[in-house]
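S.K.: Could you have a look at this structure, given as structure tokens, before my questions?
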Amino acid sequence: MRKADLVVGVQWGDEGKGKIVDMLGLNYDMICRSQGGHNAGHTIWVDGVRYAMHLIPSGILHKNIVNVIGNGVVVSPDVLIDEMAQFDHLEGRFYISDRAHLNLTHHGLIDQAKERLKGDKAIGTTGKGIGPTYADKISRSGHRVGELLEPERLCEALMSDFEMNKSLFNALGVKIPKRDELLEELKRYKEALAPYITNTTRLVWKALDDGKKVLLEGAQGTLLDIDHGTYPYVTSSNTISAGACTGLGLNPKEMGEVIGVIKAYTTRVGFGPFPTEDKGSDGDKMCEVGKEFGTTTGRRRRCGWFDAVSVKYASRLDAVDKYALMKLDVLDGFEVVKICKAYQYNGETIDYVPTDLENVTPIYEDLEGWDSVKGVTRYDDLPKNAKRYIERIEELTGVKVGLISTSPERSDTIIR
């Protein structure tokens, strides 16, 4: 039996997992999503064409790869149907877990209303209803994709839920759908999605038992994990590598190589602690050159220097075997590049991530910059200072950099 390999984000998401999955995916028979929803964005550049996806695994661009949305994902039918329309002949190469939970219109409306009511205490959610959907799941009041196969029954269950929560809907100013309109919507979902709904756990098991190569595609990043991230400024699922097991029905012994994806700098969307954030011209340059605007929301990402402390912490949580270092070219032209090697915390120097990360001050190490790495495909051809930067990341985190991206194009990648 083969083991499933995993690509996981090791920062606050947006590390460039899509490009790595797209590139490595050519060597796999099946690619699976295990958690998150359409709050996650996958951006891939192929031959100068930009593909942005939020639910469908990146392997969908290759017609010989089977793509799976696992039980740990929360699925917006509207978003999924729109994404599916971009691709031809999905039959036999795309499947949705019947156990994945439904992210419906009212979840997004509730999410947005709660954020508005929080005012300056808002978390910075994408407003896509991910949190409310997972909340319904945990409270055992949610509904799953498999229920779409019986739209009349699901409609009655939802109307009952709405009636039970009428006071909450009214307080938030969220309009309860009309039964007839809801039923028509659910029937439309069934018609579009029914051919792809199945027990994906058995599907993945069979693939592994048959010796197929399976790749798991993580969403968001480790520092957004509901348990181990910068709570409450986190997502609503387990983004660490162990979440891939529960989100697909795999056991830990079925996990193979873990590839941790990191940017050569650091970004974050929304609120929450960010020790190495640069609010000056350097951060602005990273944002402009790196085109740091969210795939899902279009929001400008906060930018700053590489944080080796948080990456080392996340890498331990994920059991990372090697890194894929992304966007090294964005740092081209900086006279000095910085790496956070430790934190100042309560008068002490520490090399770990405390629970109250907002109370740390980064301790930087300055390294000399380089002119350009753009388009380089051989490690030996990199400038000396760029190599030193990569080696210093390895020294501080204890993990080897195995892949290096030097432009958005799939082909501009160094494999060591």
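Cβ atoms are placed via backbone N, Cα and C, with glycine included.
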S.K.: Check Swiss-Prot: it lists D14, E15, G16, K17, N39, A40, G41, H42, R140, Q220, T235, R299 as binding IMP. Then name which of T125, T126, T246 it lists for that same site.
M.R.: T126
S.K.: Could you check which of the recorded positions G13, G16, K19, H42, T126 is the closest Cα neighbour of R301 (substrate binding site)?
M.R.: G13
S.K.: Near Q220 (IMP binding site), which residues of its own chain have a C-beta under 8 A away, given they sit six or more steps off in sequence?
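M.R.: Looking at Cβ-Cβ distances below 8 Å from Q220 (IMP binding site), excluding near sequence neighbours, one finds G9, W12, G13, G36, N39, A40, T235, S237, T239.
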S.K.: Tell me which of the binding-site residues G41, T126, G298, R300 ends up closest to K19 (GTP binding site) in space, Cα to Cα.
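M.R.: In terms of Cα distance, K19 (GTP binding site) lies closest to G41.
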S.K.: Among D14, E15, G16, K17, N39, A40, G41, H42, T126, R140, Q220, T235, R299, recorded IMP binders, what is the largest CA to CA distance in Å?
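M.R.: Result: 34 Å between the two most distant Cα atoms.
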S.K.: By the DSSP assignment reduced to helix, strand and coil, which category contains H42 (active site, proton donor)?
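M.R.: In the DSSP reduction, H42 (active site, proton donor) maps to strand.
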